[in-house]
Amino acid sequence: MGHRQSSVVKSAGTTDGDAARREAVRAEQEYVTRLYGRLDAERAKAEAALREGPAAGGGSAFQARVESAVATDEAARRLARLAGVEDALCFGRIDHRADGDGTGDTFYIGRIGLRDEDHEPLLIDWRAAAARPFYTATSGAPGTLARRRHLHLRHREVVRLDDEVFDLDGLAESERRTLVGEAALLATLRKGRTGRMSDVVATIQQEQDEVIRAGLQGVLVVQGGPGTGKTVAALHRAAFLLYTHRDVLERRGVLVVGPNATFLRYIEQVLPGLGETDVVLATVGELFPGTRATAADAPDVAVVKGDPRMADLVAEAVRDRQRAPEDGLEVEADGMTLKVSAADCARARDRARALRVPHNVQRRRFVHDLLEALALNRAEQYDQMVDEPLEQMAREGGLPKWLRELMEEAEDEPLLDEADLRLAKEALWLDPSVRSAIDALWPELTPQRLLSELFADPDGLARLGARAGLRPDEAALLHRPSSAEWTVSDVPLLDEAAEWLGVDDTADRARARAADAARAQEEQYAREVLQTQNASGLLNAADVIDAAGLAGRHHDDGPPRTTAQRAMADREWAYGHVIVDEAQELSAMAWRTIMRRVPTRSLTVVGDIAQTGNAAGAASWGQMLDPYVPGRWREQRLMVNYRTPASIMRVAAEVLAAVDPGQTPPESVRDDEAPPRAVELPVPELPGLVEGELDAIGEGRLAVIVSDARHADVRAVLPGAAAGATPEALDSPVVVLTTEEAKGLEFDAVVLVDPAGILAGSPKGGQDLYVALTRATRRLTVVHAGDLPPVLSSLA
Ligand SMILES: Nc1ncnc2c1ncn2[C@@H]1O[C@H](COP(=O)(O)OP(=O)(O)OP(=O)(O)O)[C@@H](O)[C@H]1O
């Protein structure tokens, strides 16, 4: 570039400029073509490795099999990584100044790193330190950069370049832009929504970069208003951490917790696009292996279930299932009544409780002690049965001397020796009435059974609730039939119960899941091969079938399941890092569940206190985090809204000021869209309005966000629209959502129906309205019947 200027060079407009630009594009095309050539070569190498397995070497057959499994696994993973980065493989270039402290180096920045045949770097992974100036340089602080260039590709073709030439001299402080790569950023933001979040690797902003590259240790809270890129930054952070700490994190895994399944689907393509495939995405409802809760409790019930006192209630419920009968134990067995005194029962209970192990493991001790007491009692009774007539005879002088001597000797010996005792206990344990008597005192419990029996028992709830500090009305809210399905707020309680009970479910579940996993792995494998085929055109159908056969052999050999699969199946898995999105929605009990999964407390917590819609959610970060890392979490704030145009944000800001004056709304980058409007319209006329909005946005997507009260009416008049948090919801041009379901998502156009109903619908109605208003990237229409709520008066 011949000219130096501080702003973005788009088209120079002159013939000279055009020629220079064409030349620049041609030169970059050459380089990009070379990069794709390398990518293809890498893929071919990984495919060959998959097909052929490792080279034959020495060692045992077993070792060869293990090596083969590991190598195949590694090759499949590499192939998946390479398949994910096809689009926009390279998106940037930085030129360091050749003068002063600059090195004069030029680097190309891309989704993954690539080297040429001589191992010289061709493409720098965006996460590498050498790529960092691409994200951090501003006109005010360019470091040693002379120029930053954004490359825009369509498939493998370079279609446009955006340059920023840094020239410090002659630039006033006030003119120094803080936005990085403005032209590239705005071009990205203006694109229509596809229903899936895409990565922003080409346009990461400086404040986001700080979040992404923050150290692995400790708890990082990312607090930011709607549209500030918290989610997208958190996902890039996952990719960055995996890249930087691959050794630890590939083994322990990274868990991303999101609010619901639709949201997870919305974000699931981001990580593969960044070259990462092995991250666990889950909702809180899925964190307890074997349960997939999606149902929600009524808000007042959810508040009680999310309260930390529930931990005490669960503990009390477990203790309550460890009983010593006040009158002692009596069991009919062997034609007699066996007895254990109340004191002996209490002693057995206390001895078992004193063991520092969970209930189901303590039970073993309790069972042994009680069986022993029963066995002794039986022996005593037998003894008496035999002794009594003999003693009678002895008193009457009817016994020979040798028998009298024998009886005297026996008095000093124990009734049962060790072997007798063991046999006697075994025999008793086989007796159903003995077993059920002991089970009634100290049953073996699953978390599901403990909780469903507790919730179905109003008296028990009242009694144990009082011990845990619950008010009677709070305890009463927990009552429900034992057949009720598990809700999302139950999952942390199941997890809590599992801690106390010590479920030993690993063997059974592992077996069931291994079968599933093997099947999933084969499918995944075939998908990867197909993807690669599509991407590179290197494989034909026969190869795919071949490869699928390979996958079959692979799993017969018993390969290790992926870290993600093993982690999901194991309740006690300790992740290397956990990222929690929409973290403001988590209750105190949900936090306990999360924290159990990261004993190292290496977490990224992402959310916005101003958007808390769950009455059991967070009022402040300290409230949730201080119990685990008192004062030891750090907070980073994101202040720029990349989603919502300024004109819409002004309306949302007024709502926020009314519901939560302490919170500052973010500043919008976009100021280029139609102003939001309010329309008084009966619901039956909604389809016409929706039609018009769809025309206005062209290819994009539209959401009708509606109060719970009018949800059914709106669905009835829009029968063609998708509804609810379902997978189809993301792919459909029009979707009807509640505010809860819309959380974290975004749409080109939003039609918000019944704002008064949203405000009145829950204790957090104001926050819900704020969330709903901030989902649009381009157009917002508020539909109301009757007066507009005063907080929206600026729309009138
Ligand atoms: N640096 C960036 N470059 C391009 N687009 C960006 C950038 N940062 C954010 N965006 C876009 O802004 C939109 C909002 O981002 P995101 O959903 O991550 O925000 P959020 O803070 O999680 O919002 P909310 O709290 O409302 O859920 C997304 O479309 C995202 O792709």
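Residue numbering: from 1, along the chain as shown.
Keep in mind that glycine also has a Cβ here, set from the backbone N, Cα and C atoms.
Keep in mind that what you see is a predicted model, and the values were worked out from it rather than measured.
The feature ATP binding site is assigned by TrEMBL to G224, G225, P226, G227, T228, G229, K230, T231. Within the same chain, the residues at least 6 positions away from K230 (ATP binding site) whose Cβ sits under 8 Å from its Cβ are V222, G224, D581, V606, G607, D608, L638, listed in sequence order.
Residues or ranges marked as compositional bias 'Polar residues' in TrEMBL: 1-14.
Per TrEMBL, the feature domain 'UvrD-like helicase ATP-binding' maps to 203-645.
Look at TrEMBL and you will find 1-22 tagged as region 'Disordered'.
G227 (ATP binding site) has a Cβ environment of 28 other Cβ atoms inside 10 Å. A 10 Å cutoff on Cβ-Cβ distances gives T228 (ATP binding site) a total of 25 other Cβ atoms nearby, all chains included.
Mean model confidence of the domain 'UvrD-like helicase ATP-binding' (203-645) amounts to 84 (pLDDT, 0 to 100 scale). Report note: the ATP site is defined by G224, G225, P226, G227, T228, G229, K230, T231, and the residues of the same chain whose CB lies within 8 Å of the CB centroid of those residues, excluding them, are D608, L638, N641, Y642, R643, P666. Counting only same-chain residues at least 6 apart in sequence, those with a Cβ under 8 Å from the Cβ of G229 (ATP binding site) are V200, Q205, Q208, L638, V640, Y642.
In this view, T231 (ATP binding site) is surrounded by 26 other Cβ atoms within 10 Å of its Cβ, with every protein chain counted. The binding-site residues considered are G224, G225; of these, G224 has the fewest other C-beta atoms within 10 angstroms of its C-beta. Within the same chain, residues at least 6 positions away in sequence whose Cβ sits under 8 Å from that of P226 (ATP binding site) are D608, Q611, N641, R643, T644, A652, P666, Y770, V771, T774, R775.
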